[in-house]
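> Encoded as structure tokens, here's the structure I'll be asking about.
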Amino acid sequence: MIQVLLVTICLAAFPYQGSSIILESGNVNDYEVIYPRKVTALPKGAVQPKYEDAMQYELKVNGEPVVLHLGKNKGLFSKDYSETHYSPDGREITTYPLVEDHCYYHGRIENDADSTASISACNGLKGHFKLQGEMYLIEPLKLPDSEAHAVYKYENVEKEDEALKMCGVTQNWESYEPIKKASQLVVTAEHQKYNPFRFVELFLVVDKAMVTKNNGDLDKIKTRMYEIVNTVNEIYRYMYIHVALVGLEIWSNEDKITVKPEAGYTLNAFGEWRKTDLLTRKKHDNAQLLTAIDLDRVIGLAYVGSMCHPKRSTGIIQDYSEINLVVAVIMAHEMGHNLGINHDSGYCSCGDYACIMRPEISPEPSTFFSNCSYFECWDFIMNHNPECILNEPLGTDIISPPVCGNELLEVGEECDCGTPENCQNECCDAATCKLKSGSQCGHGDCCEQCKFSKSGTECRASMSECDPAEHCTGQSSECPADVFHKNGQPCLDNYGYCYNGNCPIMYHQCYDLFGADVYEAEDSCFERNQKGNYYGYCRKENGNKIPCAPEDVKCGRLYCKDNSPGQNNPCKMFYSNEDEHKGMVLPGTKCADGKVCSNGHCVDVATAY
């Protein structure tokens, strides 16, 4: 067990406040100059590591003293993290750099419950922190033989282009009732209890235009990508999702696809390349392309509800800002679409801040998802079961040695509740990361007051008729693995058949798309799926839309009968160019007695699984 090292750094505010200066983030109109002075409180004879696992900074912001607590983001890189670039003659060069002693941190401001921080300590302090509701940026001043830093509000960075920046995903909701319903729900501790952590293994690709923009400096590009993902990781922690960087590929000699200003074309090409090339070389869950090409009218585009799909678990992002925080928020936004999150409506809220999933980029980038985003994300996860993000990082996946006090449970630790000053776990000895005498457990869904829960105590609620509840064994603090009823078992009074823990029926799918008073349409509506046109088809093969055979028409586009007030649409359907798959009948849906949908065919349930 390695003892946590607490380091204090005093930053004295320089008496001069600048009026204007050009920094990495752009032209800044109002800033403070501070000088970091590192004061180390190490035991006599102790060897100071290059980058401590826990640090504390004292500094003045607007003349007021604040304390910034930082902890190393030990889950930033995966164990098998790799980097790929290309020689001038096109030869692939892949390396596996040692990244365990990295310099990327998350943190908070003391006595500010709503504060956040994402900081790189590689060469001075660079990043952002939120203090009393305002976003501040910090970075070293590039002065010879000087440790001067600039601290400034994000709002004081001059914006070169004041035009509104939009996400390219469009919504054709004919009813906003589902979003309104979600906005009225409250995130409860009980609801969170049944949401197991998810783990997204992210792969980044940087195009040739970005290489040119950075004058071929690959190290500069890599550092920027690390800082961006560190912030994305911070953002998703509050969604109970951990984002780890598993790979970075830089198209240093030439683009591997044709990158065009037309975002839809580029996203489609990138998805095809990921499916046929990248996935054959590197296992990952989600890929994002960063480009310096000026995308027409948008700054990002992604498929909706596509996480884990070989082609569609992708997004593209325009690197339109020099501020890493801004690009990180765009990346979190596009990945949010992959996780089933739509743009926020007027019903959605994230407190007093602008929310990440608003269609346009906020004048001040937010690091908060709305209540609607939370429920849409977890509705997608629980109902569509994207299996690739189920593998939670185990202790053996943490690439650096175990460190007591970093709030990560690692090999050799019985518990880890943070530093002794911050630990709030009555079962855990924060100094040793061992359970206190008499304690059986310190965490887990089957741990109550430091003891194993009684046998039979429900620890994971039933999410559907096909997903029975799990109960504690009385011998462990962990809830047993989530077990579903066998696929094909009848459910909902024979209206459907179980599929991956759900009972998919068309009525529920119509409700999810259009809200209340909408039902499965008459059979005649589904005959439109025999056309093989842009919306009516059963499946796609090599990019071509295949019309449904007569016996398969209920396994193509979903049609619903809208009986809501003021509506009279007997064959209502949903179609979007950005996400053609949305609005199709879901796999496993009953299409006839004894038959279910499988890959666009209506097949016998006995042979489907």
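In case you wondered, yes, glycine gets a Cβ from its N, Cα and C as well.
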> Going by Swiss-Prot, Asp285, Cys388, Asn391 bind Ca(2+) 1; tell me which of Glu201, Glu470, Glu478 is listed for that site too.
Glu201
> Cys350 has a disulfide partner in Swiss-Prot; which of Cys348, Cys355 is it?
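According to the record, the bonded cysteine is Cys355.
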> What range among 263-276, 459-472, 487-500 does Swiss-Prot describe as region 'Inhibits platelet aggregation'?
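It is 459-472 that Swiss-Prot annotates as region 'Inhibits platelet aggregation'.
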> Looking only at Cys348, Cys377, which is named in Swiss-Prot as the disulfide mate of Cys372?
Cys348
> Pick from Cys377, Cys404, Cys450, Cys479: which cysteine does Swiss-Prot list as forming a disulfide with Cys427?
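Answer per the record: Cys450.
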> Which recorded positions are spatial neighbours of Val483 (Ca(2+) 3 binding site) here, meaning Cα within 10 Å, out of Asn371, Cys404, Cys466, Cys510?
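Qualifying among Asn371, Cys404, Cys466, Cys510: Cys466.
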> Which residue, of the disulfide-bonded residues Cys404, Cys433, Cys491, Cys555, Cys597, has its CB surrounded by the fewest other CB atoms within 10 A?
Cys491
> For the region 'Inhibits platelet aggregation' (459-472), DSSP counts of helix, strand and coil?
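Helix (H, G, I), strand (E, B), coil: 0 helix, 6 strand, 8 coil.
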> Around Pro468 (Ca(2+) 3 binding site), which residues of its chain at least 6 apart sit with Cβ under 8 Å of its Cβ?
Ser462, Val483, Phe484, His485
> Would you mind splitting the domain 'Disintegrin' (401-487) into helix, strand and coil residue counts from DSSP?
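Helix (H, G, I), strand (E, B), coil: 0 helix, 16 strand, 71 coil.
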> Going by DSSP, is Cys525 (disulfide bond) part of a helix, a strand, or coil?
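Where Cys525 (disulfide bond) sits, the three-state DSSP reduction gives helix.
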> I want the residues beyond Asp467, Pro468, Glu470, Asp482, Val483 whose C-beta is within 8 angstroms of the mean position of the Ca(2+) 3 site's C-beta atoms, in chain order.
Arg460, Ser462, Ala469, Ala481, Phe484, Gly501
> Given the recorded positions Glu334, Asp467, Glu470, find the one whose Cα is closest in space to the Cα of Cys427 (disulfide bond).
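Its closest listed neighbour, by Cα, is Glu470.
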> Which three-state DSSP class does Cys498 (disulfide bond) fall into?
coil
